[in-house]
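Engineer: Here you go, one structure.
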Amino acid sequence: MKILIDENMPYAAELFGQLGEVVTKPGRTLSADDLIDIDALMIRSVTKVNHNLISKANKLQFVGTATAGQDHVDQALLAERGITFTSAPGCNKVGVAEYVLSALMVIGQQQGFSIFDKTIGIIGAGNVGSYLAQCLDALGIPYLLNDPIKEQEGDTRQFHSLEAIKAQCDVITVHTPITKDGEYPTHHLINEAFIDALQPDAILINAARGPVTDNQALKKALQLSQSGLGKKLTAVLDVFEFEPHVDLELLPLLAFATPHIAGYGLEGKARGTTMVFNRYCAFLNIDQAVEASSLLPIAPVPNVSLSRKWDDATLFSLIQLIYDIRKDDALFRRNMVVTKGNEAQMATAFDQMRKNYWDRREYSAITVTGKVGFGVESLAKLGFTVVEDIQ
């Protein structure tokens, strides 16, 4: 049995190596020839599974993507060919939500506001959007949800129109797949008209899919904003419309920019790999399930003891102990600027940052000790490991 794996799937070679012969290759450059005599294909979102890719796949029986998103896979084609497909829904939800919180905490510090005074608009109430809402609930931060598909399916949560989101929310964060068809397409959902309707001083975050945001419209709006000719707008992009190619005129206008790593926490990547591995084991009728937590190293972060009830400053410090978006932003800008004028080098640099991404951890890696009156229960709901001090 031969299993072809994206080289950027952590722990995959070791796990799948227990089941057969493993071949690893860069996911973005996979070709039809690579799939000859391959029984199973394990990928991430950079690999487009379409007719061209599997045209020579003479033995392929199983395709797994270690990502929450599925829009890079032609599932109808796989079904037509009798090839089993699986994904890893929700594997990265914690990392993406923590990315958004880090961005907002830092922007709040820079612009002089408290995140607790803002209303957040969440577009897309799937795994990521729902988990972010759960985090905001833990902190008591108001938010509005928008997901017309979930609403039509009978989801009983309170949903709001895009018009309400634009009119009432200070922050809008997008967590949708990319779709061009159907009643509610998301391609260029964030377009010129959408941006024009935002509140003054709005903050826009896209950590979903690049083409959800019309990058040219966003660039125009940010240029007007920063020249004083338009409404003040702050934008954070983890994804770009034509990645791994990045518009270097847009880049300096962004508050923060990163190379599609919002969900790249070590726990999330381990979850994605183990979810796909476990489903492949089930496909093979092998009882060999693995827990993601069993693969993780001890986190190199300090434990924290609270001496008083936490406040904005405490929360900021705790969040930055785990993830400070400024670190990734600075490295990304340096790597992109030095490739100016060379599209091939830019694409390589973009992918290398993802391939060699540092071992970012989730809030659960920090143990916070404090008395009940110090608000530790809220930190526990946010994801931190909490020990109540009963002394």
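From the backbone N, Cα and C atoms, a Cβ is placed for every residue, glycine too.
In case it's useful when we look at the structure, here is the feature table from Swiss-Prot:
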- S45, T67, Y264: substrate binding site (BINDING)
- D147, T176, D238, G263: NAD(+) binding site (BINDING)
- R209: active site (ACT_SITE)
- E243: active site (ACT_SITE)
- H260: active site, proton donor (ACT_SITE)
Engineer: Going along the chain, which residues six or more apart from D238 (NAD(+) binding site) have their CB under 8 A from its CB?
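Structural biologist: Residues satisfying the criterion: Y99, N206, A207, A257, T258, P259, H260, I261, A262.
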Engineer: Near G263 (NAD(+) binding site), which residues of its chain come within a Cβ-Cβ distance under 8 Å, counting only those 6 or more away in sequence?
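Structural biologist: Set apart from G263 (NAD(+) binding site) by at least 6 residues yet with Cβ under 8 Å, we have A68, C91, N92, K93, G95, V96, Y99, V128, A207.
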Engineer: Fewest other C-beta atoms within 10 angstroms of its own C-beta: which of the binding-site residues S45, T67, T176 fits that?
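Structural biologist: Ranked by other Cβ atoms within 10 Å, the binding-site residues S45, T67, T176 bottom out at S45.
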Engineer: Looking at the recorded positions S45, T67, R209, E243, which ones sit with their CA no more than 10 Å from the CA of T176 (NAD(+) binding site)?
Structural biologist: R209
Engineer: Taking the centroid of the Cβ atoms of S45, T67, Y264 (substrate site), which other same-chain residues have Cβ within 8 Å of it?
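Structural biologist: Here the non-site neighbours turn out to be R44, V46, A66, A68, G69, N92, H260, G263, G272.
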Engineer: Spatially speaking, which of the recorded positions D147, R209, Y264 is closest to E243 (active site)? Use C-alpha to C-alpha, please.
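Structural biologist: Checking each of D147, R209, Y264 against E243 (active site), the shortest Cα distance is to R209.
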Engineer: Could you tell me which of these active-site residues, R209, H260, has the fewest other Cβ atoms within 10 Å of its Cβ?
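Structural biologist: Lowest Cβ count within 10 Å among the active-site residues (R209, H260) is H260.
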Engineer: May I ask for the distance between R209 (active site) and T67 (substrate binding site), taken between their Cα atoms and rounded to an integer number of Å?
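Structural biologist: Just about 13 Å between their Cα atoms.
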